[in-house]
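Reading through the structure tokens given below for one structure.
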Amino acid sequence: MKWVESIFLIFLLNFTESRTLHRNEYGIASILDSYQCTAEINLTDLATIFFAQFVQEATYKEVSKMVKDALTAIEKPTGDEQSAGCLENQLPAFLEELCREKEILEKYGHSDCCSQSEEGRHNCFLAHKKPTPASIPFFQVPEPVTSCEAYEEDRETFMNKFIYEIARRHPFLYAPTILLWAARYDKIIPSCCKAENAVECFQTKAATVTKELRESSLLNQHACAVMKNFGTRTFQAITVTKLSQKFTKVNFTEIQKLVLDVAHVHEHCCRGDVLDCLQDGEKIMSYICSQQDTLSNKITECCKLTTLERGQCIIHAENDEKPEGLSPNLNRFLGDRDFNQFSSGEKNIFLASFVHEYSRRHPQLAVSVILRVAKGYQELLEKCFQTENPLECQDKGEEELQKYIQESQALAKRSCGLFQKLGEYYLQNAFLVAYTKKAPQLTSSELMAITRKMAATAATCCQLSEDKLLACGEGAADIIIGHLCIRHETTPVNPGVGQCCTSSYANRRPCFSSLVVDETYVPPAFSDDKFIFHKDLCQAQGVALQTMKQEFLINLVKQKPQITEEQLEAVIADFSGLLEKCCQGQEQEVCFAEEGQKLISKTRAALGV
């Protein structure tokens, strides 16, 4: 059973069961009930995002037809209604339009959804979303001459097509983020069309946009996967921690209010409710900016930006400084009160306030580390109040909570030490060996992609100051592991990976760190084909040569996951000797055929395969 179902997180679920319950039980009104929308809404672009994300293979013409029909079916609000507040949620109308398009749904394999009830139908369409559909090619930067002409002739249609292309390639990317990057792309085009070297301008500036889009898409998909697999409670626990770290001067009641509404917005965004995702996000940002004097002095410049720009700016803004007079630790936070005598509601509030107070004191820690500390603290209290001396038990136990931080620090020190010693490429090779042993069922390209990100994380985070290193490393590892878990959900890897992915969000990374070798894996029969070497090894350079060497490394470990470090070093030394000998000779292909076979025989004998 997931630890997030413990009392520690029940209070968070209570916040989101309904806005009425939240307001009645805690006396806190939701921001989303009171704030008005301030920005003009382009329903055509929003509807385009919706239909392109839900039927990714549909052509632009097909999506445009669905958009037109859906918007025609929606009653236009009067001027008074429009100015008085926000548009109503149009999700049901969009889903109805999807189901009216029987030919399109049949064509792309979505027709099974419309026979279900409203909620089931929605979930069915969500399940059809694919992060990287094979039928859709990577986005290519448009040819400048044609693009500039099309943009000048009909800017609105040109930008709507761009939104369509982005949405279908990134089905989990939040609508406001798509609109934000579309707006930035809209600014790039006129300047690049006038540039002396338009091709270079487009390639350079558009490459930045597409890179940021990919990264934003990964983050949004990760957030949605956490909410789906671990529930709203876990997501809200994450949000409590992040907001308390960012807004260190804010009291617990205000954090509660923000947690409710931030999680509510993410839920809309993850379910493809494009209108509520946009409007409710705007409300929260408007509220935060209206309260910036009390929330944080780090967001002043953010609040001067457009509504779309504010969100990204605030999210990436620095944490506020710790308030003066804040005690360095939370020793005896409970005091002499008997935790086991608390009512369920009292326990909820107390533990929530502990998370808030701990987070604002430790902005340098990763969210997952703080959640591990919080779980440990709950278990400590439950244990101590069954002893004769609860206070003494607490004092000893609170020192033990440091083990969660120390484990994270030790991992960071070890990883950065290896990075300094080996460099990024050889560190990736070390990760390759470790993760091929943990998950030999992954393809070579998957293993290389995962470990490349891990090595890049070390290269980035190990350059940071100590107060930023831990959060950087653990945070990046959480995203990388999260996407491995999304892959496992689609195509199961092995029981060990499955256990780590599903048992506990907070403990996912330590769980993966503790995996060594997948004992359920049965290596395939030895095949010489995977170890045949050719003269192209001598011709390859840079990344191409590194990739070939890594393929050899992966195949070797997959053949014998229990291979020792000494055995591995010996085989690699022999392989390097083979390259040196054959690449210096005239008859390279003959050399590889003869000497390569000797290497294979020697390796098989040494490994017993």
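Please read every residue number as a count from 1 along the shown chain.
Cβ from N, Cα, C; glycine included.
Listed in Swiss-Prot for this protein:
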type	residues	note
BINDING	HIS22	Cu(2+) binding site
CARBOHYD	ASN42	N-linked glycosylation site
MOD_RES	SER111	phosphoserine
MOD_RES	SER115	phosphoserine
MOD_RES	SER117	phosphoserine
DOMAIN	211-402	domain 'Albumin 2'
CARBOHYD	ASN251	N-linked glycosylation site
MOD_RES	SER344	phosphoserine
DOMAIN	403-601	domain 'Albumin 3'
MOD_RES	SER444	phosphoserine
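Confidence across the domain 'Albumin 3' (403-601), taken as the mean pLDDT and rounded to a whole number, stands at 92. Here the Cα atom of SER115 (phosphoserine) is found 31 Å from that of ASN42 (N-linked glycosylation site). For SER117 (phosphoserine), the nearest of the recorded positions by C-alpha distance turns out to be SER111; the candidates were ASN42, SER111, SER444.
Each of the recorded positions ASN42, SER117, SER344 was ranked by the number of other C-beta atoms within 10 Å, and first place falls to ASN42. Neighbour count (other Cβ atoms within 10 Å of the Cβ, all protein chains): 11 for ASN251 (N-linked glycosylation site). Taking the C-alpha atom of SER111 (phosphoserine) as reference, the shortest distance to any of the recorded positions ASN42, ASN251, SER344, SER444 belongs to ASN42. Within the set of modified residues (SER111, SER115, SER444), the lowest number of other Cβ atoms found within 10 Å of a Cβ is recorded at SER115. When the C-alpha distances from SER344 (phosphoserine) to the recorded positions ASN42, ASN251, SER444 are tabulated, the minimum falls on ASN251. SER115 (phosphoserine) falls outside any helix or strand according to DSSP and counts as coil.
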